[in-house]
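Down below is the structure, laid out as structure tokens.
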Amino acid sequence: MKFGCVQFFPKLGKVNENIVHLRQLLDQHSEALQSVKLLVFPEMCLTGYNFKNSESIQPFLENVTSNHCPSIQFAQEVSEQYRCYTIIGFPEFQNSNGISTLYNSTALISPKKELLNVYHKHFLFETDKSWATEGKGFSFEPCIPELGPISMAICMDINPYDFKAPFEKFEYANFILRELEHQQMVSSNVSRPIICLSMAWLVSDDKVIDASLPDIKNLHYWTTRLSPLINSNTDAIVLVANRWGKENDLNFSGTSCIMELSQGRAILHGVLKAAENGIVVGELEK
């Protein structure tokens, strides 16, 4: 099964311009994307990330029930064109009884353009807290047609909660383990999960980062945060789609990659540099 992760430098608040550049990027990789089954885009892919408050992000919020939802519409067009599942990050608002709640979200779109699931970022980074509400919990879908078990997570979700929880608590990785244990109790035929990480992850060190290479420190850290899965010999596919570039005071690290967790090891099947627009594609047994 073929998977892809998109790495992109969005311009803050320039949604239409970002869509144009993303289409160009997809066109440049159209041959590699043929027969891809799942394509993952970064966190807040069309809007950019570094909004300082709810007022500044207000014009870019999307409601999935609205006719005007650029991120969902773009992902649906991608899914239709490549006949694939698509995951995309976007800033969301929901209305209930006249009250708006804002979320940092990802959406899963089917090859038939169906909106299958929307996930709300559970662990918020400092920038998110200026406008977003914390999601109620992590995400695990036990059986998506053709894909099997899948989990969407967003950036800070794999960190210790609020950077205050014990490092060894490994909240997200242990959540996946518990979900898999439950699925194995229900069925003896559970395929390995696909862990989809949409990111706006910062560089590990502004002073030493080499933009012509992957950010190896971050790559190692992401693997470490999934170590309970590795140490338990859990087989999984990990798709990391991270943005790159500098946005005001934040510098993002790229290094989008495809990893396989198998027999107690993390195997890298493809990785992009810290500073480039690109799509990493890999084919793995599901």
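Here, residue 1 is simply the first one shown, and the rest follow in order.
The backbone N, Cα and C atoms fix where each Cβ goes, and this holds for glycine too.
Here's what Swiss-Prot has on this protein:
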- 1-286: domain 'CN hydrolase' (DOMAIN)
- Glu43: active site, proton acceptor (ACT_SITE)
- Lys121: active site, proton donor (ACT_SITE)
- Cys155: active site, nucleophile (ACT_SITE)
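Annotated features taken from Swiss-Prot, shown on the structure.
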| residue | record | CB count, 10 Å |
| --- | --- | --- |
| Glu43 | active site, proton acceptor | 28 |
| Lys121 | active site, proton donor | 28 |
| Cys155 | active site, nucleophile | 26 |
Confidence summary for the domain 'CN hydrolase' (1-286), mean pLDDT rounded: 96
Cα-Cα distance linking Cys155 (active site, nucleophile) and Lys121 (active site, proton donor), given in Å to the nearest integer: 8
Rounded Cα-Cα span from the residue listed as 'active site, proton acceptor' to the residue listed as 'active site, nucleophile', Å: 8
Conformational class of the residue listed as 'active site, proton acceptor' under the three-state DSSP mapping: coil
